[in-house]
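Participant: Features from TrEMBL:
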- His172, His235, His306, His512: Fe cation binding site (BINDING)
Amino acid sequence: MDTIFGRNKEEHPEPIKAEVQGQLPPWLQGILLRNGPGMHTIGDTKYNHWFDGLALLHSFTFKNGEVYYRSKYLRSDAYNCNIEANRIVVSEFGTMAYPDPCKNIFAKAFSYLSHTIPEFTDNCLINIMKTGDDFYATSETNFIRKINPQTLETLEKVDYSKYVAVNVATSHPHYDSAGNILNMGTSIVDKGKTKYILFKIPPSVAEKEKKSCLKHLEVVCSIPSRSLLHPSYYHSFGITENYIVFVEQPFKLDIVKMATAYIRGVNWASCLAYHKEDKTWFHFVDKKTKKEVSTKFYTDAMVFFHHVNAYEEDGHIIFDIIAYTDNSLYDLFYLKNLSKNFEEKSKLTSIPACKRFVVPLQYDKEAEVGSNLVTLPSTATAVKEKDGSIYCQPEILCEGIELPRINYDDYNGKKYKYIFATQVQWSPVPVKVVKFNIQTKEMLHWEEDHSWPSEPIFVPSPDAREEDDGVVLTCVVTSDPKKAPFLLVLDAKTFKELGRATVDVEMHLDLHGMFVPEKDLKTETE
């Protein structure tokens with residue numbers, strides 16, 4: 001268990017100057033903010049799963065060619081309660097905790113009755129979200145935590161469910177051209193009306209109000225779950241210029257099991273199951289009418305976490321996702337599977353594939369049953385079935401990539417050419433950073449021995465003319481104890497190394513994050 005995954009990391013709340021090698025572009029000014037699990041042992045107790053660890057924020061600040069590193073644990077209620085008790089007392093997805101080991105069965109039963117839908121954790125360890133001038137650490141529960149991007153200090157706790165009836169929400173919101181935030185959550189309420197809710201948060205409110213943007217949150221639409229007691233698990237969704245793309249996969253949460261998990265002494269992750277005999281359904285919601293497209297589109301069973309991008313072309317919606325044929329990825333990150341030789345031992349039974357679906361929204365309603373309705377040049381198909389539903393088969397763009405990012409500001413929801421991602425083979429740990437050209441299928445990569453890069457973030461240059469004008473940033477941790485971790489800066493066009501900023505700390509493996517340009521940071525006096 002004492003691998004790079006299981007060890008608790010120290011925090012470094014004061015800035016540490018990194019040693020810069022190479023030449024960083026002078027325009028690169030701002031903060032790279034990242035989030036991920038950093039503490040897995042509290043007192044004599046250990047989390048079961050790597051994704052359960054307490055959130056550790058870290059940042060690289062770029063200022064006039066110099067780079068400063070800092071890291072700080074998110075002071076969530078979960079963190080504070082656990083540290084105070086010196087053991088795990090707040091349940092996470094893969095670890096069920098019992099606050100009082102002396103609780104008798106009556107107290108447990110009472111707690112169960114009052115917690116049909118459990119009180120979730122605010123250990124927001126997955127991503128960073130920006131709303132207006134504010135930044136939040138996010139995970140997949142109904143809680144987000146406001147943070148100061150410059151000091152990494154934890155500020156107020158926000159509960160989505162006070163503004164919209166959701167029990168869980170994604171940690172991958174979208175930002176539209178007007179600066180609105182779009183996000184999705186699942187509403188697990190009584191009377192069996194489980195539904196997926198799409199909601200919008202405006203970028204800012206009138207200065208004089210000084211209220212949270214969330215007070216102006218509005219529900220765009222809701223999609224009823226195909227199964228009231230088994231809603232789909234989802235980690236992200238897609239948007240195009242006119243549509244929201246939601247994929248309802250047969251990787252499902254069992255609500256009855258979840259409601260009884262506490263009293264049965266099992267974790268919530270055990271309430272998730274992959275139903276490989278089911279279909280995967282596609283939902284497209286028109287942003288203007290807020291109505292769902294009525295045609296039923298579906299594909300075979302699959303499990304996926306990350307959308308890459310989506311766009312419209314000639315009456316079709318094209319969307320790209322990273323998909324698996326089973327749910328082995330989650331299981332591999334149980335800490336018992338991440339022991340010393342896990343790279344040789346832990347093998348995915350399904351390698352990720354970047355799949356492109358081409359879905360004809362406008363098609364000849366008189367088309368024959370069995371005919372392919374895709375009229376764009378693609379090997380992806382959409383075949384009309386007897387009952388009028390349409391069965392979609394994807395084009396495989398490439399295999400073995402995860403944590404995909406794009407030039408988001410200029411190409412999200414639009415036709416695009418490049419995916420920046422990490423490359424994984426059969427082990428769950430990334431060994432390379434790659435740039436994939438969807439049109440030519442050319443792949444450029446960066447790799448170095450004993451180096452594990454994180455999700456690559458594309459930062460456009462100020463005078464960018466092309467999609468890949470800019471740099472790619474990735475945090476690299478090393479499995480060699482003699483080699484210090486570093487932040488890598490690659491030229492996004494050539495994928496050659498421009499420079500690196502090395503820090504003499506034990507850096508944690510993070511999950512997601514964002515680059516905040518200097519202009520988007522409020523000065524301390526504001």
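Glycine too: its Cβ is placed from the backbone N, Cα and C atoms.
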Participant: Would you list the other residues of this chain near Fe cation - those whose C-beta lies within 8 angstroms of the C-beta centroid of His172, His235, His306, His512 - in sequence order?
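Facilitator: Those within range, site residues removed, are Ile126, Asn127, Thr170, Ser171, Ser236, Phe305, His307.
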Participant: Taking 10 A as the limit, how many CB atoms besides its own sit near the CB of His172 (Fe cation binding site)?
Facilitator: 21
Participant: Enter the number of other CB atoms within 10 angstroms of the CB of His235 (Fe cation binding site).
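Facilitator: Around His235 (Fe cation binding site), other Cβ atoms within 10 Å: 15.
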Participant: Cβ distance under 8 Å to His306 (Fe cation binding site), same chain, sequence separation 6 or more: which residues?
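Facilitator: Spatial neighbours, sequence-distant, of His306 (Fe cation binding site): His172, His235, Ser236, Ile321, Ile322, Glu402, Leu403, Pro404.
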Participant: With an 8 Å cut-off on Cβ-Cβ distance and a minimum sequence separation of at least 6, pull the same-chain contacts of His512 (Fe cation binding site), or say none.
Facilitator: Arg34, Asn35, Gly36, Ile126, Asn127, Ile128, Ser171, His172, Leu403, Glu455
